[in-house]
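K.L.:
What TrEMBL records for 290-312 is compositional bias 'Basic and acidic residues'. The region 'Disordered' annotation in TrEMBL covers 289-332. Look at TrEMBL and you will find 12-34, 70-94, 106-125, 131-152, 182-201, 388-409, 416-435 tagged as transmembrane segment.
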Amino acid sequence: MESSILESIGQEIIGVMSPVSLCMLLVVLLVYSLSDSNPFSSSSAPIRTAANLVYLENPSDTTAQKLEGALLNALVFVILIAIVTFVLVLLYYYNFTNFLKNYMRFSAFFVLGTMGGSIFLSIIQHFSIPIDSITCFLLLFNYTIVGVLSMFSGGMPIVLRQGYMVSLGIIVATWFTKLPEWTTWVLLVALALYDLVAVLAPGGPLKLLVELASSRDEELPALVYEARPTVSRNEGNPRSTLGHLVAGVSDSGSVELQAVSNNNVRRDGAENRRSPEYTAIQVRNLEYVEGERNRDEGERSPLVGHSRERYSSDSNSSEYSTVIHNRESEASVDEEMSPLVDLLGMDNEREHERRDSVVASRGIKLGLGDFVFYSVLVGRAAMYDLMTVYACYLAIISGLGCTLILLSVCHRALPALPISITLGVIFYFLTRLLMEPFVVGMATNLMMF
């Protein structure tokens, strides 16, 4: 019924990896650009957020204190996320959909307006961009309003919505890079483990949310990036492109064919049903005329599979009008008098339209949190060295590719953080502790250029 993702795995992977790569690249550029300006410089004092409520890391603390404080911060943050997610699941279960939509609109407005505005002002200050306060306010206001409308209103271009989703991830990830180093790494590992449990474990909040949305045939009440495939609605169902054929046999014996869409056939069927002249049609096998009389009378024409023929009541006319079904139609044709509307297969057409809509809406959806924490990992790596940035980027992309392959095999919702975050953290520390000293030592001793 639905085509597998494996049939277009290359297109699916590119459709997801391109925005993820763009998000990580822009976060790295922001970290490098704003390294000397507040509030995102690593040398400035750490800020108090929900991710470090318990322990505020100081450079003078010992390694044991930093590790213990980072574990406490990660535990409290994961508990808060779990509580908020369960509350959202309960609200969605009791059909507080409008409240959830308004909450997401407010969250997007707050992030774009305040957090994005702070980054925008830091960029203006760092690069000494000549702009007055009124113009800056209007630009920020328009950017925020258009972003909220594009993400939560219909009729907007999908490219605009995807762009704002990426920008939302960039803003949040840039703020998360302000966290202390130990808290950042422990928090990333804790979130990867939480994502694994929340999506796969029985009774997990994210699993419950996905199952509820699937049972109601609704979109997820969350900020997700949708990578829609470039598959037309008719490509998933070849029958919808065939439609029906209308054939007319004239006095001279020539056969004329004309394609008619399904909507036209339905409309004609409704009109014929209302008209007393076409309340019933005699159905029989159509035989070829001139040049085909050497065949048996019982042989069916190769041109048509099932036909319905209307014989005109006027004796001076010998013209026939036949509506020909597709060869793939499974409905049997009654040889007796039957209404035209019963032969059109309205239920089958509605079923095919429903399948077309399923194919059109098929696509990989990646949560905004995945964008954020991928970029946080790369942004934290960018604070040390570019070599660690390359290693972490390759690890994250490799993990995301493995997740997409598993998605095409399992055909169920899978967490996108565990594989990528695990590989990213491992590659970061291996590069920092082993590869970077080796490469630098080889280069300084002129053994490798």
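One-based numbering along the chain as shown.
Heads up, the Cβ atoms here are built off N, Cα and C, so glycines get one too.
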K.L.:
Look over the recorded stretches 12-34, 106-125, 131-152, 182-201 and say which has the most C-beta pairs under 8 A to the transmembrane segment (70-94).
P.N.:
182-201
K.L.:
Can at least 3 Cβ pairs under 8 A be found between the transmembrane segment (12-34) and the transmembrane segment (182-201), with each pair 6 or more apart in sequence?
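P.N.:
They do not touch: fewer than three Cβ pairs between the two stretches lie under 8 Å.
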K.L.:
Sequence-remote contacts (6 or more beyond its ends) of the transmembrane segment (388-409), Cβ cut-off under 8 Å?
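P.N.:
Tertiary neighbours of the transmembrane segment (388-409) are 4-6, 9, 12-13, 16-17, 20-21, 24, 28, 364, 374, 377-378, 381-382, 415-416, 419-424, 426-428, 430-432, 435-436.
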K.L.:
Within the same chain, where does the transmembrane segment (182-201) have neighbours whose Cβ lies under 8 angstroms from its own Cβ atoms, ignoring anything closer than 6 residues to its ends? I mean 6 or more beyond.
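P.N.:
Here the qualifying positions are 51-52, 55, 57, 66-67, 69-71, 73-75, 77-78, 81-82, 85, 176, 207, 210, 369, 373, 376-377, 380, 413-418, 421-422, 424-425.
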